[in-house]
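Have a look at the structure below, then the notes.
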Amino acid sequence: MGANQPPLSEGVLESTQKVVHEALERLGYGEGYFELLKEPLRLLTVRIPVRMDDGQVKVFTGYRAQHTDAVGPTKGGIRFHPSVTAEEVSALSLWMTLKCGIFDLPYGGGKGGIICDPRTMSLGEVERLARGYVRAISQIVGPNKDIPAPDVYTNAQIMAWMLDEYSRIREYDSPGFITGKPLVLGGSQGREKATSFGVAISIREAAKLQGLNIQGLKVCIQGFGNVGSHLAEILDQWGATIVGISDVHGGIFDEKGLDVPYLLDRRDSFGSVTNLFSKRLSNAEFLMQPCDVLVPAALENQITNENVGDIRAKMIVEAANGPTSLEASEKLHERGVLVVPDVLANAGGVTVSYFEWVQNNQGYYWTEEEVNRKLEDKMVEAVHKVLNMAKSRSITPRLAAYMVGVQKYAEASRLRGWV
């Protein structure tokens, strides 16, 4: 299923709002704009009764947040996780707005979730829950209203069930209602590796702006799930040297480089491979290893005030959401360590979701090469725009990304007369 990104902590949510506030201030937008954009425009809470396999009816709580529709429909994933909260989906919808703004996509941010643990449910129970959720939110979603997608513990099969339920309600087929679908139901080529490909391009372009070549670049990747494993594969093919990878069991490091095809071949379905090695580093030790690029591709809050002094990477590229605390990020910036923020580096997924929606709307589908070329164009443009702004204004790349990300929503809100 989707990347197993755990729930966000409250500190991450508050720090996101703090940077949005500063970004709007620097752009010359007053307090009213922050009040409008700090929380979602709409937050729907639904209760979904599901008949379980044992005959009992269990009622689940779900949410759908729509952050802003100032420039078009909202867009964002649906997660099935026991720790989903209204606050979490609200904050994630704000992050989605920033990503869509940075990549100039015609959306505002959205996010949804259901409080459940699909790992303890049968496939039939998950299907009934997915269909019930669509019935509950059907009035506020649609290809020109709000377009869902996969997220934590949801996948292409769940999107297919949701599409089928929505089509039954509407009594016509509407593939553009949801993205991350199977290819045969209107999915896009290139979707599976989109986030990893986007992170790889971010690394290449950020290195280029620092006068470094991707070939021979020493990279450590924390997390060997869908994003981390595909990223290792792409960078290895491009000539980078993968010197370290880690998973839930620990990390392995070799400054001469790891055998990536071997590791990919031995990786199990949970993204674990280091358990095959007797000599493993702890997660704390792994983050301290010397490398050109450290890619946190697993959990949030990995680099904090406590361990930032031990970080020996020259560049950090955030493939996970919120892996570096705001304070740690600023300290790294002061030390001359470039931090490419999550809202820039890991937005390949939403960008290819946008491409899927475009293909659905026009009924004409692109090859994987075309999708990758269009994604590369978007990533290169965004990375250069953000990092050049950070350099010219002497600000952190995170603040620059938020300034680029929030500007069009503030301006659209002004022109619509909302503020």
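Note that the numbers count up from 1, one per residue, in the order the chain is shown.
Placement of Cβ uses the backbone N, Cα and C atoms for every residue, glycine included.
All protein chains included, K111 (active site, proton donor) registers 31 other Cβ atoms within 10 Å of its own Cβ. If you look up TrEMBL, you'll see K111 marked as active site, proton donor.
What TrEMBL records for K75, K99, S353 is substrate binding site. K75 (substrate binding site) falls within a strand when secondary structure is assigned with DSSP. Other C-beta atoms found within 10 angstroms of the C-beta of K75 (substrate binding site) number 28, with every protein chain shown included.
Under the heading NAD(+) binding site, TrEMBL lists T195, N226. Around the Cβ of N226 (NAD(+) binding site), the number of neighbouring Cβ atoms within 10 Å comes to 18.
What TrEMBL lists as site 'Important for catalysis' is D151. Around D151 (site 'Important for catalysis'), taking its Cβ as the centre, 26 other Cβ atoms fall within 10 Å, counting all chains.
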Within the same chain, the residues at least 6 apart in sequence whose Cβ is under 8 angstroms from that of S353 (substrate binding site) are K75, I147, A149, T179, G180, S188, R191, A194
If the substrate binders are K75, K99, S353 per the record, what's the largest distance between their Cα atoms, in Å? 12
Distance [Cα-Cα, Å, rounded] between T195 (NAD(+) binding site) and K111 (active site, proton donor): 17
Neighbouring CB atoms within 10 angstroms of the CB of T195 (NAD(+) binding site), all protein chains considered, total 24
Within 10 Å of K111 (active site, proton donor) by C-alpha distance: pick out those among the recorded positions K99, D151, N226, and say none if nothing qualifies. D151
Integer Å distance between the CA atoms belonging to N226 (NAD(+) binding site) and K99 (substrate binding site): 20
Taking the recorded substrate site as K75, K99, S353, identify the other residues of that chain whose CB atom sits within 8 Å of the mean position of the site's CB atoms, giving them in sequence order. G76, M96, C100, L105, Y107, G109, A149, A347, G349, V350, T351, Y354
